[in-house]
Amino acid sequence: MENLISLVNKIQRACTALGDHGENSALPTLWDSLPAIAVVGGQSSGKSSVLESVVGKDFLPRGSGIVTRRPLVLQLHKIEEGSREYAEFLHLPRKRFTDFVAVRKEIQDETDRETGRTKQISTVPIHLSIYSPNVVNLTLVDLPGLTKVAVEGQPDSIVKDIEDMVRSYIEKPNCIILAISPANQDLATSDAIKISREVDPTGDRTIGVLTKIDLMDKGTDAVDILEGRAYRLKFPWIGVVNRSQQDINKNVDMIAARRREREYFNSTPEYKHLANRMGSEHLAKMLSKHLETVIKSKIPGIQSLINKTIAELEAELTRLGKPVAADAGGKLYAIMEICRSFDQIFKDHLDGVRPGGDKIYNVFDNQLPAALKRLQFDKQLSMENIRKLITEADGYQPHLIAPEQGYRRLIESSLITIRGPAEAAVDAVHSLLKDLVHKAISETLDLKQYPGLRVEVGAAAVDSLERMRDESKRATLQLVDMECGYLTVDFFRKLPQDVDKGGNPTHSIFDRYNDSYLRRIGTTILSYVNMVCATLRNSIPKSIVYCQVREAKRSLLDHFFTELGKMETKRLSSLLNEDPAIMERRSALAKRLELYRSAQAEIDAVAWSK
């Protein structure tokens with residue numbers, strides 16, 4: 001069971017070392033979940049004397065006004081009988097104090113280091129561990145004494161500042177409140193009882209300690225309070241008799257003071273029946289036992305919190321990415337790895353692993369055929385246009401058998417309109433590839449970490465796509481131009497010949513320009529153009545895929561990689577510039593993760609019985 005208090009002691013020290021003081025922050029706090037005993041009392045309530053009685057040593061700064069200006073986490077460790085007593089501070093890990101006067105001075109000096117030689121307060125705790133055969137295993141948090149007025153040298157807000165600090169500790173459900181109240185004052189005016197009642201109205205977490213019982217007016221006693229009739233708490237009140245100022249001035253040691261305290265309760269008729277549960281020795285043992293019980297009950301919940309928070313911290317650190325390498329080689333490698341991640345995500349979109357690539361097929365299967373169907377060949381092949389072009393093609397010598405030059409001009413003028421849908425298909429695929437680049441950039445976590453690199457990679461990828469688009473447009477339009485430049489002769493050879501059985505032409509040279517003749521030419525040309533459209537409907541997608549999609553998968557960032565190899569260290573560094581807020585957040589998260597992992601290891605190492 002003693003291991004449990006030691007466990008919490010270790011975790012508390014780790015919290016302070018790694019900056020977790022339980023303050024409100026954007027980071028998860030382990031400090032707030034740890035069971036602790038907070039010592040609360042007004043100034044001159046005897047709070048310091050109670051702590052020194054529990055420890056058995058004079059070690060706390062004394063004086064008028066606010067003496068305790070930072071939380072003091074006091075961790076007591078029982079060691080073997082005959083061993084020498086010593087103290088250690090967390091901020092001086094390799095120094096042992098055997099002189100407790102020096103301990104008092106170091107508490108004062110460390111307070112001044114944080115707050116300056118003023119009467120300001122600080123929430124950053126001081127950790128003091130005391131090792132002695134005369135103590136029980138126990139952890140207490142000594143908080144600044146509550147006050148009602150600011151004195152000279154203190155800010156006007158000091159009353160509220162102290163109250164807020166005390167409240168921040170005792171309002172936590174895992175905090176045990178040790179409320180120190182002087183018996184020679186009306187309990188209704190007790191600062192400790194007042195504030196503890198506000199945060200613990202049922203009294204389930206509050207342990208009442210009554211000091212200065214021996215200083216009460218003659219004819220009065222504290223029996224009603226100690227027996228719980230005046231103010232009931234879940235745990236019995238404990239009375240203590242501290243050393244007087246005269247005793248302190250005479251350096252009366254704690255052993256003698258404890259003996260006199262026992263004698264007082266045993267010999268005073270009003271308290272004799274309560275003597276077995278009075279005094280600082282009983283208080284220390286009771287607190288140690290109660291703290292062990294609370295820790296044991298809270299450990300499973302703390303373990304669950306630690307495991308959950310570790311997962312959350314690791315996830316956020318993953319989202320923020322790794323810190324930047326210092327050397328040029330490391331920077332170049334980091335950039336290359338990030339670019340490869342982006343490139344793979346882009347390929348995954350094209351290959352169907354991620355959504356988006358199917359839209360390219362939609363261009364080929366729907367948009368291109370629909371655009372080809374919308375071409376108005378009937379306008380090109382109207383009677384007037386056919387007659388006009390054939391007549392112009394004949395010139396001053398009319399054709400003898402078939403108007404070949406007219407055919408060619410009509411076919412060329414029809415096929416040339418296919419360039420529009422072909423070019424539109426190239427542009428549509430280019431637009432989709434750009435969209436996939438932007439998607440891949442947004443899905444590459446490391447690029448979110450480096451805005452400069454994100455812009456450069458995006459620009460380089462789009463530049464590559466534009467070069468590929470230009471090449472695709474050239475190759476695709478060349479397919480259309482090839483169809484215009486050379487006709488498929490076999491198509492015309494296979495057309496049925498319009499001759500009678502005698503082999504004489506049906507149309508004479510004089511009626512070759514009539515509507516029937518021109519209609520026949522239009523029908524023939526339309527059949528040929530439709531055949532070419534069917535061919536291009538298959539070949540245009542092949543050209544686009546070869547020149548754009550395939551090339552984008554193969555060499556999207558090749559030009560960027562070439563330029564990257566030429567960059568100087570300064571330029572590489574600029575690509576990996578991070579938002580300072582992200583850098584600070586990552587550092588804070590890494591420290592907090594270290595704390596939680598340390599706590600997890602400490603808990604796992606302790607064999608505690610359920």
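Keep in mind that glycine also has a Cβ here, set from the backbone N, Cα and C atoms.
Summarising the annotation, Swiss-Prot assigns domain 'Dynamin-type G' to 31-300.
For the region 'G1 motif' (41-48), the model's pLDDT averages out at 87. Taken from Swiss-Prot, the feature region 'G1 motif' applies to 41-48.
Marked as GTP binding site by Swiss-Prot: 41-48, 142-146, 211-214. The 10 Å shell around the Cβ of Ser44 (GTP binding site) contains 14 further Cβ atoms across the protein chains shown. Ser44 (GTP binding site) falls within neither a helix nor a strand when secondary structure is assigned with DSSP, and so counts as coil.
According to Swiss-Prot, the feature region 'G3 motif' maps to 142-145.
A Cβ distance under 8 Å defines the sequence-distant neighbours of the region 'G4 motif' (211-214), meaning residues of its chain 6+ beyond its ends; these are 45-47, 49-50, 180-184, 221-222, 239-242, 264, 271. Per Swiss-Prot, the feature region 'G4 motif' maps to 211-214.
Under the heading region 'G5 motif', Swiss-Prot lists 241-244, citing sequence analysis as support. Counting residues per DSSP class in helix, strand and coil order gives 0 helix, 0 strand, 4 coil for the region 'G5 motif' (241-244).
Across the range of the domain 'GED' (518-610), the DSSP-based residue counts are 79 helix, 0 strand, 14 coil. The domain 'GED' annotation in Swiss-Prot covers 518-610, and the record cites sequence analysis as its basis.
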Same-chain residues at least 6 apart in sequence whose Cβ lies under 8 Å from Ile213 (GTP binding site): Ala183, Asp221, Ala222, Gly239, Val240, Val241, Tyr271
Candidates Lys47, Leu143, Leu146: member of the binding-site residues with the richest Cβ shell (10 Å): Lys47
DSSP-assigned states of the region 'G3 motif' (142-145) in counts, ordered helix, strand, coil: 0 helix, 1 strand, 3 coil
